[in-house]
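These features come from TrEMBL:
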TRANSMEM  20-42  transmembrane segment
TRANSMEM  54-76  transmembrane segment
TRANSMEM  88-106  transmembrane segment
TRANSMEM  144-163  transmembrane segment
TRANSMEM  183-205  transmembrane segment
TRANSMEM  217-237  transmembrane segment
TRANSMEM  249-268  transmembrane segment
TRANSMEM  280-298  transmembrane segment
TRANSMEM  304-321  transmembrane segment
Amino acid sequence: MSVEDGGMQGLGRPRQARWTLMLLLSTAMYGAHAPLLALCHVNGRVPFRPSSAVLLTELTKLLLCAFSLLVGWQAWPQGAPPWRQAAPFALSALLYGANNNLVIYLQRYMDPSTYQVLSNLKIGSTALLYCLCLRHRLSVRQGLALLLLMAAGACYAAGGLQVPRNTFPSPPPAAAASPMPLHITPLGLLLLILHCLISGLSSVYTELLMKRQRLPLALQNLFLYTFGVLLNLGLHAGGGPGPGLLEGFSGWAALVVLSQALNGLLMSAVMKHGSSITRLFVVSCSLVVNAVLSAVLLRLQLTATFFLATLLIGLAMRLYYGSR
């Protein structure tokens, strides 16, 4: 299996070790995102503007890419900088920005549990666009593996974690209110389908762009994150009055920004040297990390559904990357 398919066979041991370490680090950072955000809460709320965190993350990625080129970690292409090749990355930044904002907008038209379960449809949309745009055919085993991956995400979202009953000596104020019922509006369903399509398209388009251009990865990232910073700066400025850019930030918040920036750089390497399918498996495996950290740091309880989801993820990996 080639690196293009997300595998590691045929690589020398040093490269295989680096590839494995990169995937493990990315999985850990994906899984740590939600627990770290929970540790940022003050009185049950995030004390900073979400747009500030996104903007600072994009800016950190941009600075890291520029530093990589300046110190020579990745060679600058000979001749004049090919700035004309930067333009296509504007579409990538726009797709990612639209998708990130659509996730927030979707919460108005469905409850969080419904969103978590149905958002796993983006695994199917990514695989479909991957086959159509990159002309890569999946075997029956690989197709079944991706279906199992979708089922694993749905199982985990449906009840992989729960709050212990003895967490509070008395019912908290939030418990007095009636819980939000499961629901989704017709508009919410249409927006969810759009979200899944944009998610798959952004991933596949960026992979196609990075592989077709014969440019250093750091330079490609420099193009992508320049547009990302400009886009998110506009969204932050147009978001109306609110806390300042760094207002409410703590050490935990800084760790969230740094981990997400590093994870973005790792994912760009996966897109260039691996595939969008590899990214799907990284995101799915991060659910295990998320659950373990939530149990340790936030004292949530793992349920039988979590172990079923873990089993399905393992089986999916075996089917997709196992011997044919």
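Positions of Cβ are set from backbone N, Cα and C atoms, glycine also.
Beyond the ends of the transmembrane segment (280-298), by six or more residues, the same chain brings 6, 23, 26-35, 38-39, 123, 126-127, 146, 149, 152-153, 156, 160-161, 267, 270, 306, 309-310, 313, 316-317, 320 to within a C-beta distance below 8 angstroms of the stretch. The stretch with the most CB contacts under 8 Å to the transmembrane segment (249-268), chosen from 20-42, 144-163, 183-205, 217-237, 304-321, is 20-42.
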